[in-house]
Amino acid sequence: MECLPAFLNGLKSLLGISLFYAFSMSLTFFNNNIIKAYPFPLSITFCHLLMKFTLACIARSIISLYRGEKRIEIPWCSYVREVSPTGIASALDIGLSNWSFEFITVSLYTMTKSTSIIFVLLFAILLKLEKPTLSILIVVLCISGGLFLFTYQSTQFDLIGFILVLSASAVSGIRWTAAQKLTQKSKFG
C-alpha cells in the first residue's frame, strides 16, 4: 500500500515531463513553420508576448478574486530596476530564437539552444548563485565539445543563424539567472 502513492507521484512526474517535451517540440516546429510562412519574427514575438501578458493579467485577476487576497503591489521604480531586466532578457531570448529560424534548421537550432545551460551556469557563478566546482566544469566542457562536434563542417550551417541562436542562448542564461535572483526576494512575493 505504501508503494502506491510513490508510484502515482512517479506517474504524475512522467506525465508532466512527457507533456513538457511534446509541447516544447510542437512549439519549436510551429515557430519554424510560421517563420517560413510569415517572415517577420520580431512581430511574431511581440504578438506572442502581448498574448502572454494579457493571459497573465486575466489569470492573476481570477486567482485574486477566487482567493479573496489582495495582490502584491510593487512600486514602479522596483519594476524598472529589478523586474525589467528579466522581461527584456525574455523578449530578446524569444525574439532572437525566432529570428534564427530564418537561417538555420530545427536540428541546429535545438543543439545550439541546448548550450543555454552553459550560460545559465556562467551567470549563476558571476552573480554568486552557484559555486564553481570541477564536476560543473567537466559538464560544461562536455556540452561545449558536443556542440563543436555537432556544428563542425555541418552541411546546412549558416553563420548568421548560428550567431543569432547562440546569442539567444546567452540571453537565456541572463534571463534565468535574473529570474532566480528575482524569486529569492521576499518583496516580490
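Just so it is clear, glycine is given a Cβ too, placed from its N, Cα and C backbone atoms.
These numbers come from a predicted model, not from an experiment.
Within its own chain, the transmembrane segment (6-30) has Cβ neighbours under 8 Å at 106, 109-110, counting only residues six or more beyond its boundaries. Sequence annotations record features per position, and here TrEMBL assigns transmembrane segment to 6-30 (among others).
Residues or ranges marked as domain 'Sugar phosphate transporter' in TrEMBL: 16-185.
Listed as Cβ neighbours of the transmembrane segment (42-63) (distance under 8 Å, sequence separation of 6 or more from its ends, same chain) are residues 31, 34-35, 71, 90-91, 94-95, 98-99. If you look up TrEMBL, you'll see 42-63 (among others) marked as transmembrane segment.
For the transmembrane segment (106-127), the residues of the chain that approach it from at least six positions outside its boundaries are 28-29, 32, 97, 100, 136, 140, 143-144, 146-147, 150-151, 154, 156-157, 161-162, 165-166, 168-170, 172-174, 176-177, 180-181, judged by C-beta separation under 8 angstroms. Sequence annotations record features per position, and here TrEMBL assigns transmembrane segment to 106-127 (among others).
The transmembrane segment annotation in TrEMBL covers 134-153 (among others).
Below 8 angstroms of C-beta separation, residues 85-86, 89-90, 92-97, 99-104, 108-109, 112-113, 115-116, 118-124, 127, 129, 151 of the same chain, each at least six residues beyond the ends of the transmembrane segment (159-178), sit close to that stretch. Residues or ranges marked as transmembrane segment by TrEMBL: 159-178 (among others).
Cβ atoms under 8 Å from those of the transmembrane segment (134-153) belong to residues 108, 111-112, 114-115, 117-118, 121, 162 of the same chain, restricted to positions at least 6 beyond its ends.
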